[in-house]
Amino acid sequence: MPWAALLAGMHATVSPSRVRGRARAPPSKSYTHRALLAAGYADGETVVRDPLVSADTRATARAVELLGGAAARENGDWVVTGFGSRPAIPDAVIDCANSGTTMRLVTAAAALADGTTVLTGDESLRARPHGPLLDALSGLGGTARSTRGNGQAPLVVDGPVSGGSVALPGDVSSQFVTALLMAGAVTETGIETDLTTELKSAPYVDITLDVLDAFGVGASETAAGYRVRGGQAYAPSGAEYAVPGDFSSASYLLAAGALAAADGAAVVVEGMHPSAQGDAAIVDVLERMGADIDWDTESGVITVQRSELSGVEVGVADTPDLLPTIAVLGAAADGTTRITDAEHVRYKETDRVAAMAESLSKLGASVEERPDELVVRGGDTELSGASVDGRGDHRLVMALAVAGLVADGETTIAGSEHVDVSFPDFFEVLAGLGADTDG
């Protein structure tokens, strides 16, 4: 079946398969978002090299344009003309589609404009929380509100903010901190954030600091949160920035190799150089489970072979995007896998804790859902093919496709088109490794 037809049908069928070969993980979605907006904050032209071009990152590029910049695709790169320290007042509503990162980061950028900006998104995004960011921007001198009064989009933002100090929780989304740091660098006085609760997904703020540094912007962690000086200029060396590979996306390929590599063969994933990404922890998780895996950090190549896996306990406070992958690994491993610190994973594109519990149960796994945990008892039952729903969540779709490689019979996943959010050619790459995904 042609790939276009497969995706147009909004479902994918995966049958038991053995995989082998080399693949390249897509560029990092997190880095691409930040690089596009950082280039927007810059004056003049910046080339963002090797970006991820997906539904989510296209939403950020469109937002940069509506704020007065330009973003053109040239030879696989994104050439961005910045709007500088003062975005324009958009002449249309900014539609962030399904991208929470776009909405959070651009909401703070919009608060720099001398006027009103309206942001919205699809049904899933309109159900996600933004209240702490709205309160923070209002506390910094702007006006930011939810039209429904519940902290959810549509959002209306009035600026400009000039900077200051603000308190906000750290356990809802680290993207609030990222948004304030990126915008704060071009305010008059800078922005200091004091976190009132423990920061979840802290490595994503590390990614932000990494990108800011590459663009010549200084920001730092404090005893209570983070601080960025005002009056800074975004100016990357050589007016360009190269995006690293994405460990979140690579996790599905690595899991496929650990569970379904052919005898005597391996799955080799290229483009995986060390970076600030917390999801590089997937390598450690696989090692702890007993996988035969090797990471050559100098060449950026990870090699994994099939082996017997054992259950482990893994906290995902800093790596929420890995929960679906780890849950699938646990379902195919011996013993119990306990995924902890997972309450915030319920507030992604969907409630990933509940969704994975439901889907893995349909496939025959023994799963227990708790408020802050997902417990998967591997080895209790054999996985069997079934029809499961990706719930409009790209990470669920890809994780369940990996489960389909080792389930008995066909696994049909609804909503397969949503891989376009972060890994548009996922099914083509999986087929290139030998997976039977043509139904």
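Note: Cβ is positioned from N, Cα and C throughout, glycine not excepted.
Note that the structure is predicted; figures quoted are calculated from it, not measured.
Residues or ranges marked as phosphoenolpyruvate binding site by Swiss-Prot on the basis of sequence analysis: LYS29, GLY100, ARG128, GLN175, ARG352, ARG395. Marked as 3-phosphoshikimate binding site by Swiss-Prot on the basis of sequence analysis: LYS29, SER30, ARG34, SER173, SER174, GLN175, SER201, ASP321, LYS348. Summarising the annotation, Swiss-Prot assigns active site, proton acceptor to ASP321 and lists sequence analysis as the type of evidence.
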Cα distance, the residue listed as 'active site, proton acceptor' to SER174 (3-phosphoshikimate binding site), nearest Å? 13
List the Cα distance (Å, whole number) between ARG352 (phosphoenolpyruvate binding site) and ARG34 (3-phosphoshikimate binding site). 24
Can you give me the Cα-Cα distance between ARG395 (phosphoenolpyruvate binding site) and ASP321 (active site, proton acceptor) in Å, rounded to a whole number? 7
Spatial separation of LYS29 (phosphoenolpyruvate binding site) from LYS348 (3-phosphoshikimate binding site) - C-alpha basis, Å: 15
Of all the binding-site residues given, ARG128, ARG395, which residue's CB has the most CB neighbours within 10 A? ARG395
Rank aside, I only need the closest one: which of the recorded positions LYS29, GLY100, ASP321 has its C-alpha nearest to that of SER201 (3-phosphoshikimate binding site)? ASP321
Does DSSP put LYS29 (phosphoenolpyruvate binding site) in a helix, in a strand, or in coil? helix
Out of LYS29, ARG34, LYS348, ARG352, which of the binding-site residues has the smallest number of neighbouring Cβ atoms within 10 Å? LYS348
Round to the nearest Å and give the CA-to-CA distance linking GLY100 (phosphoenolpyruvate binding site) with ARG34 (3-phosphoshikimate binding site). 13
Pairwise CA distance, GLN175 (phosphoenolpyruvate binding site) versus the residue listed as 'active site, proton acceptor', rounded so that it is a whole Å: 14
